[in-house]
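Read the structure below first, then the notes.
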Amino acid sequence: MTRKARTPKAAPVPEAVAVVEPPPPDAAPTGPRLSRLEIRNLATITQLELELGGGFCAFTGETGAGKSIIVDALGLLLGGRANHDLIRSGEKELLVTGFWGDGDESEADSASRRLSSAGRGAARLSGEVVSVRELQEWAQGRLTIHWQHSAVSLLSPANQRGLLDRRVTKEAQAYAAAHAAWREAVSRLERLQASQRERARQIDLLAFQVQEISEVSPDPGEEEGLNTELSRLSNLHTIAQAAAGGVELLSDGDLNAAGLIGEAVRALNAGAKYDETVMQLQNELRAALESVQAIAGELRDVAEGSAADPEALDRVEARLSALSKLKNKYGPTLEDVVEFGAQAAEELAGLEEDERDAGSLQADVDALHAELLKVGQALDAAREREAEPLVDSLLAVIRELGMPHARMEFALSALAEPAAYGLSDVLLRFSANPGEELGPLSDVASGGELSRVMLAVSTVLGADTPSVVFDEVDAGIGGAAAIAVAEQLSRLADTRQVLVVTHLAQIAARAHHHYKVEKQVEDGRTVSHVRLLTGDERLEEIARMLSGNTSEAALEHARELLAG
């Protein structure tokens, strides 16, 4: 069964596209905007420090000047693939840094990405080293890029469904939770329905492994101490001989250190009565004598206590052997053995729980499936309810973008089995021309039409970030449609910073800030520069974009565009 949202009637063809005054420059975005971009050694850019205004910012320049490099740089800050071919030829590394804030660099948040020709890279947030994934998560909340060909993402049924589900997040999340619970129960039931013999074999194996490890109860840190003790027990005879020899020399021998020191103490008696220095030295010798006697006593204890202990040696060797056996089977380290034992115990507990729960699990699956159908029907109802106003809003913009006869609908078709995203497929059907049947967007829309639909989506649903980048959004359009695209971009810039790479004068003329990308040859090498255009320079650039020259007629046309 296919259910379709109502398609509004086509609007009449407008005689002219009205152009309203753009919002004031630096219109406040919904959050911190991209205020500064620094690029070093990226493609044809050697060094760039670019201050970015708020509102609508346009980047223009001749083909090949390097406009796309700006977008490539921002893509790196979004955690894009590390393409080391972007590093300028002859340089060891590239660096891109973006600052988000009100223009005060000292108080701005920053993100940077460094790539080296050696294949290494680094990402930082406000100076702190982070992973590329952390950089990506941070930047995705601040910057969105609509790449030159990203409009093709609208061809994906999942993305088409996502447009609608952004308006039914509560119902979509409830369905996702219900589906996850149902699938988990189904998976457990399927495990139970597997071969009883195989499950019993697995339980026996896991039980043996858990018992074998638990009986030894290995401690990952015990091997070092055991090896030290093994070395001591294996050399008790040598230890006893060494200690006895020390005792002989210190106190027990015919000529020993204690005796000689004692004689020295006595020899100093006469002089110590009359000289304080001699007395001090005599006292030090007495202390040395006490120390030697104490050491001799301890060595005597060592010698007497170092008798062979074969039982202790056997215990240590047996413990090391047991640990070695476990490492050979479950290692290679004791840490691995302990981890294996924990995982085996967890898996064993799960299998044993499955055995106990076999009687009630089918009932759980049935109940969860019934709940899933209920929640799925609520999701379909919400999608149908929201589809019509969303289509109305999208078509209102699309028709202003030079497609006055455009029609559109979200078609829901029931699935044979519940999917992770719902009980129905969602397909965006579209027609740009009168008399043509609605068809899948992927089959009937041209590249230019896709770009305008994407722009309508961005305007109606809004970008999720305070800064939005459009790379060649104007591909395949001109004339009144170009003016309409400029108007929509200007509207989007009311609440967000909008950065647009464009080749159309109609769009560049509506920008609050106009940047030109130029390519020059310096010292025999191509270098790209970016500068902010104002006054006559901007007028001449608009004229060049219109006519390829700065004739008086082109300049007059440019003045008209800039005047609005």
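For all residues, glycine too, the Cβ spot is worked out from N, Cα and C.
Checking Swiss-Prot for region 'Disordered' across the ranges 1-32, 97-128, 193-224, 513-544 points to 1-32. Non-local neighbourhood of Glu62 (ATP binding site): Glu518, Lys519, each in the same chain, at least six residues away, with C-beta under 8 Å from its C-beta. Sparsest Cβ environment among the binding-site residues Gly61, Gly64, Gly66 (other Cβ atoms counted within 10 Å): Gly64. Listed in chain order, the residues near the ATP site other than Gly61, Glu62, Thr63, Gly64, Ala65, Gly66, Lys67, Ser68 are Val517, Lys519, Ser528, each with its Cβ within 8 Å of the site Cβ centroid. Ranking the binding-site residues Thr63, Ser68 by other CB atoms within 10 A of the CB puts Thr63 at the bottom. Within the same chain, residues at least 6 positions away in sequence whose Cβ sits under 8 Å from that of Lys67 (ATP binding site) are Phe59, Thr60, Gly61, Val501, Val517. Around Ala65 (ATP binding site), the same-chain residues at least 6 positions away in sequence with a Cβ under 8 Å from its Cβ are Val517, Glu518, Lys519, Ser528.
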